[in-house]
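Right, one structure below, let's go through it.
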Amino acid sequence: MAADARAEAQGLTTRILELRDAYYELDTVLVSDEEYDRMLRRLEELERLHPELQSQDSPTQTVGGRAQTTLFAPVEHAERMLSLDNVFSFEAFEAWAAKIERDAGRRVDYLCELKIDGLAINLRYENGVLVTAATRGDGVVGEDVTENIRHIPAITQRLSGAGPFPPVVEVRGEVFFPVAKFEELNANQQAAGERVFANARNAASGSLRQKAEGKNPAQRRLMRDRLGRLRMLVHGIGAWPNPPVATQSGVYELLRSWGLPTSAHGRVFGTVQEAADFIGRSAERRDTVEHEIDGVVIKVDELVLHDELGATSRAPRWAIAYKYPPEQVNTKLLDIVVSVGRTGRATPFAVMEKVKVAGSEVRQATLHNQDVVKAKGVLIGDTVVLRKAGDVIPEVLGPVVELRDGTEREFAMPTDCPECGTPLAPAKEGDIDLRCPNAEFCPAQVRGRVEHIGSRGGLDIEALGEVAAAALTQPRFPERAPLPTEAGLFGLRLEDLFPIEVVVRDSETGLPKLTETGVEKVDAPFRRRRQKKDGAFDPEAEAFDGDEIAVPSKSAIELLANLRAARTKPLWRILVSLNIRHVGPVAARALADHFGSLDAIRAASRDELAAVDGVGGIVADAVLSWFEIGWHCEIVENWARDGVQFAIPGHPGPGRADTGGGVLSGLTVVATGSLEGYTREAAQEAIVAAGGKAASSVSKKTDFVAAGPGAGSKLAKAEELGVRVLDAAQFTILVEQGPGALPEVAE
């Protein structure tokens, strides 16, 4: 196999997984659906030509994102939640339908329904009572959002109708904000000075995936208000062995009789042409529907054909999503500004008159680089054509030349970094993008890296978001930022946070907000006015307590507490937070599991790094290059000095985690459900640290299954195969003392 094919496949895998993590974990869309599908199809082609490239965890074999946040307990779906394959033209849809009818050996009926742009949810009912609600996650395990789901008016807690109800049934659907409710939400956010949501899907995901714990009464009321604006429509079933109906449309009728909300827009058609006509009509009236839609889902209506046609590892063959081309509007290009991201890339952004497109208001869009600006032919002051690529990402298509009046002017790419003044330059010869080479101290790059450290894919620090990162790295006062680099992050003190003042900026344009008198608005995020309950200022007190006027705010105290807790986060999260190029959650987990410590990773050769399953040559080169830079090593030294743990306790050493050297040497253990005292990732790391293999599925080779509440098919499989099942307490004994310390199994 050619080395370039392997390198291309590794690069595609890394990028696709990064995009999935951004979409499913961070509620962020980085590329259009068409571009994502192009990358996925290319990876499928490479794996077809070179079967040895395909692995079980390849993006071509998996669904969704990894349910890796620590905010919610993991829930295993009784039946996998698959994704859908996409088509973008009538020709592609007709080709899919022709294959369906060829494989079925007869003409089929098609159920067509509007594709809701929302958050996929799985509702589990037992004997008619809602027991759990979970996000899709990776299709096998999602996040438990049951308590939040109960606040959504459309979701029934107990099925109605005559019954009898099945012992267990999973109902799948989409949670979304109706267009009107989304507009109300953003209006409230703007009035409160809060960041507005980019689109309704982000808002739905962000509202559903929040915790009430730690919030004050006002915050909890706001949270319940958001949840109360959400709606849900169900569009399928999961685990239900023998539904008493013969068609998918019949399933919907049954679900409606149980009091569950289904779409009023679905129709069954007997020919491909009728289905195609429905797709066309729905596109014309998409703005009249209560919720955002980005296409039509077409399903074979007959349930028996679902079994006959089957599914791939990630999508059913009996259904397809027809994705609409994005909507286009005209608006005024007011300016082109350049921003610098955490990698140093200088990116021009179009600042426009606010305009509504594809369901949300837009004021800015990326222009990528100076060559793209030139190729599009846009001038500052132009009326431009704007669309949302994939109905999500704002994209300037070009100018309306006939509307020019002579006042327009060309954009000139700055020669120096707008943030630190360093001359911009390509990273290497031939690159189009310009970058700021001052990676260590450029405040915009430091801000981006600090924000990445706090992200869900990094250390998952709730108090270290966009606002806190900007305050720590680019304050108005003091002149010297508390964090000139991220090296000092874990050494921050209340005294460092207390004096910080920041300019309040518009969440969309990044421009300073002004008071009525035209002065920039200023905020002090880490202090508040002293109140009677705080007591008098004591300058002799040992603990820092502010000054006579103010005390540290809750945000300051929470940030420091979160940072203390983050010092002992799993090694793979620490690795991601170091901002090593190409080292996302997948590669970081592989490196952490294999080597067990940062010292061992640092000491490894290129061949040793590249040989690790899930790493490869591209990541290996990036890791070695990262450690060659002196200030990177200073970050590690400072973090270690401030208590960050760069090793998995008890790990037997490089390559020995699953081959010997621990109490679970040679044993395979599966953890499923909510194990008390363990997150999903912590349970897996405990198995690996003890020398065992942490498997994701149960088989005859499995030695133990640790199961907590919410365990599903894995528990049933273990009982079927006679594999010993442990509770959380027994699991702790197993990983700490080994199987010999477990109590005898009662006969």
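First residue shown is number 1, and so on along the chain.
Cβ atoms here come from the backbone N, Cα and C positions, even for glycine.
Features as listed in Swiss-Prot:
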- K115: active site, N6-AMP-lysine intermediate (ACT_SITE)
- D33, E34, E35, Y36, D37, S83, L84, E113, R136, E174, K299, K323: NAD(+) binding site (BINDING)
- C417, C420, C436, C442: Zn(2+) binding site (BINDING)
- 659-747: domain 'BRCT' (DOMAIN)
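On the structure: features taken from Swiss-Prot.
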residue	record	Cβ within 10 Å
E35	NAD(+) binding site	14
D37	NAD(+) binding site	17
L84	NAD(+) binding site	17
K115	active site, N6-AMP-lysine intermediate	22
R136	NAD(+) binding site	24
K299	NAD(+) binding site	24
C417	Zn(2+) binding site	23
C420	Zn(2+) binding site	15
C436	Zn(2+) binding site	24
C442	Zn(2+) binding site	23
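Put simply, L84 is the one of the binding-site residues L84, R136, C417 whose Cα lies nearest to the Cα of the residue listed as 'active site, N6-AMP-lysine intermediate'. With helix defined as DSSP H, G or I and strand as E or B, the domain 'BRCT' (659-747) counts 32 helix, 15 strand, 42 coil.
When the binding-site residues C417, C420, C436, C442 are ranked by how far their Cα is from the Cα of E35 (NAD(+) binding site), C436 comes first.
For the recorded site, K115 (active site, N6-AMP-lysine intermediate), the DSSP three-state label reads strand. According to DSSP, L84 (NAD(+) binding site) sits in a coil region rather than a helix or strand. DSSP classifies K299 (NAD(+) binding site) as strand under the three-state reduction. You'll find the Cα of L84 (NAD(+) binding site) roughly 45 Å from the Cα of C420 (Zn(2+) binding site). Model confidence over the domain 'BRCT' (659-747) is summarised by a mean pLDDT of 82. C442 (Zn(2+) binding site) has D37 as its nearest neighbour among the binding-site residues D37, R136, K299, going by CA to CA distance. Cα separation, C417 (Zn(2+) binding site) to D37 (NAD(+) binding site), rounded: 34 Å.
When the binding-site residues D37, R136, K299 are compared by Cα distance to C436 (Zn(2+) binding site), the shortest distance belongs to D37. Same-chain residues with CB within 8 A of the center of the C417, C420, C436, C442 CB atoms, the Zn(2+) site residues themselves not counted, are V340, G344, P418, E419, G421, T422, L424, P437, N438, F441, P443, A444, Q445.
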